[in-house]
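Here is what Swiss-Prot says about this protein:
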BINDING   Thr231, Ala232, Glu233, Glu285, Ser383  L-serine binding site
BINDING   Arg262, Ser263, Glu264, Glu349, Ile350, Ser351, Ser352  ATP binding site
Amino acid sequence: MIDRKLLLQDFDKVALSLKKRNNAMDDELERLREVITHYKKRLIELEGLQAFQNKVSKEFGIKMAQKVDTSDLKKELENNKIKLNELSKSVGELEQQIDLKLSIIPNLVDEKTPLGTNEEDNIEIKKILTPRVFTFKPKEHFELAQQNGWIDFESGVKLAKSRFSVIRGFGAKIYRALIHLMLDFNEKNGFEIIYTPALVNEKMLFGTGQLPKFKEDVFKIENENLYLIPTAEVTLTNLYNDTIISVENLPIKMTAHTPCFRSEAGSAGKDTRGMIRQHQFDKVELVAITHPKESDVMQEHMLESASEILKALELPHRFVQLCSGDLGFSASNTIDIEVWLPGQNCYREISSVSNTRDFQARRAKIRFKENQKNQLAHTLNGSSLAVGRTMVALMENHQQADGSIHIPKALEKYL
């Protein structure tokens, strides 16, 4: 969440940030500011009543010791206690209103993030590796997968519904090999390998920003306070939920391979064929918790770590700076890595590395202690990489004229 103090002290800054996202919430912000102002007034009243209660209680004790009549003081204490209880309840209700309203306001846009409306305004930073020139028309991955018997889309629909797949045979071996390669590269770059639950409670999804605003995008277990994770960002980040970390232990660098589950609400008609957009997919995630001064450097490190894997797999890719209108809810700054897909003749996102600054840390109460003072940490997350999309890129970039797939040398030892 954004800092409630900032909203009171610099309302225009928050409003401008939302406009940069093309998400003007002026009315909601104004109502929130009114609630916070009212809350502060009531809090001052409450503190005054508490001070008065303490003062009268001391007088009551002194008079009791002196065996002086205390009936008037006793009545005053009782009346004041009723007012205190009523005011405490009012303050508590206002706090809940504030937290609920703050929880649906997205992160402030970083100064480095360029202005823009949508993905058309994103800026290419650099390209890595030159796309191969084919002597034949390259096929799309779903054609190659079916030809080689690696992916069974029909069985995925039979077992579940559309946007599910079954990977089998040598395709399954490649899929497993990619996961092992990704984890090995991430570990080499200093990220601790962690396996986490694929189910989390509501508090964890609130901590990383999926709830309450994006409830329709996650799968909930019926009659349980449990949800299937949309990304290991949720579990890795929330390992430190409500935790104070010693500054000497920063940065904390983690990686995890997990299945991910997304309802893909609002994606009807997009990427209906193949493995680009699935309800269930595997991803190897990077998460870092850092000192605020180090988060920009960490973002670069995470990008290079993901890029290193793509270079090893001989997959052309590029870095793209997301504009303000294309940022995710929790992100302050995001750089995507897009991989070249010759079958589609375009670049597609395969990793998204985001710096959330202290936005998630404030929601999840992730702090560090420095010089005897507790401060909010910065959190970052990014794919390294989306396994299915990496397999898609592998098939399309390394296809041969007969439909067979060349295996890059870096992957051979894992097969």
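Backbone N, Cα and C atoms are what each Cβ position is placed from, and that goes for glycine too.
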- Check: min Cα-Cα distance from Ala232 (L-serine binding site) over binding-site residues Arg262, Glu264, Glu349 goes to Arg262
- Item | Glu349 (ATP binding site): secondary structure state under DSSP, collapsed to three categories | strand
- Which residues, sitting 6 or more apart from Arg262 (ATP binding site) on the same chain, put a CB under 8 Å from its CB? Asp217, Val218, Phe219, Pro230, His279
- Task: Tell me the Cβ neighbour count for Ile350 (ATP binding site), meaning other Cβ atoms within 10 Å of its Cβ, over all protein chains shown.
- Result: 26
- Query: To test your reading of the L-serine site: which residues beyond Thr231, Ala232, Glu233, Glu285, Ser383, same chain only, put their Cβ within 8 Å of the Cβ centroid of those residues?
  - Reply: Val234, Leu236, Ala256, Thr258, Cys260, Lys283, Val284, Leu286, Val287, Asn381, Gly382
- Listed binding-site residues Ser263, Glu264, Ser351, Ser352; those within 10 A of Ser383 (L-serine binding site), CA to CA, turn out to be Ser351, Ser352
- Note on the structure: Students should find that the Cα atoms of Thr231 (L-serine binding site) and Ser263 (ATP binding site) sit apart, in Å rounded to an integer, by 12
- Task: Count the Cβ atoms, other than its own, that fall within 10 Å of the Cβ of Ser352 (ATP binding site), considering every protein chain shown.
- Result: 20
- How long is the line from the C-alpha of Glu264 (ATP binding site) to the C-alpha of Glu233 (L-serine binding site), rounded to the nearest angstrom? 17
- Cα separation, Glu233 (L-serine binding site) to Ile350 (ATP binding site) (Å, whole number): 15
- Query: Can you tell me how far the Cα of Ser263 (ATP binding site) sits from the Cα of Glu233 (L-serine binding site), in Å?
  - Reply: 17
